[in-house]
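What follows is a single structure, written as structure tokens, with notes after it.
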Amino acid sequence: MNKFATVLVLASICLASVSAQCPRIVTRAQWGARAASTAQLPIRPAPWVVMHHTAGASCTTDAACAQQMRNIQSFHMDGNGWADIGYNFLVGENGAAYEGRGWGRQGAHAPGYNDRSVGMGVIGTFTNAIPNAAARTAARNLITCGVSLGHIASNYWLIGHRQAVATACPGNAFFNEIRTWPRFNPNV
């Protein structure tokens, strides 16, 4: 086997390894995002992951989740006056991850952490119940994916939004759940 073929085989193995860790990611174009301009994340790879819930309706189908993404983006841009949806990614209870601002972009989700974190959340309200297994798996896989792709530091810390600012987010039930996840930091 020549050198080019060897390199091609190794690259394919590496890509397959990374994509196996990543959940299905629905791009901005696929969910119908409005155009936006946001700043690059100044600290990369991000040393923090901040977990949220959207405190609204949940979604279990591609169509419903895409609609929720458009609704959240409109609220953030039109209601809050932000440049775009505040989160880097959101996850639906259909098991898909939805690109918000995406990797390497500064979010508007957690004051004091926006310039050094990836803001992820689950679409829905999780005060009294945790997200379903598909959403929890997709969220954990999205963190692993971010580490594998070099967007999240391998020694990152995970926190709930309420640890950054006074809020009920990500809901009591979901906050108790993420406290059991790897790299959760109780001492922010």
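Cβ atoms are placed via backbone N, Cα and C, with glycine included.
A TrEMBL annotation is a machine prediction, not a hand-curated record.
As recorded in TrEMBL:
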- 1-20: signal peptide (SIGNAL)
- Cys22-Cys145: disulfide bond (DISULFID)
- 23-165: domain 'Peptidoglycan recognition protein family' (DOMAIN)
- 36-171: domain 'N-acetylmuramoyl-L-alanine amidase' (DOMAIN)
- Cys59-Cys65: disulfide bond (DISULFID)
Between Cys65 (disulfide bond) and Cys22 (disulfide bond): CA-CA distance (Å): 18
Mean of pLDDT values spanning the domain 'N-acetylmuramoyl-L-alanine amidase' (36-171): 97
Lowest local Cβ density among Cys22, Cys59, Cys65, Cys145, which the record lists as disulfide-bonded residues, within 10 Å: Cys22
Rounded to the nearest Å - Cα separation of Cys145 (disulfide bond) and Cys59 (disulfide bond): 22
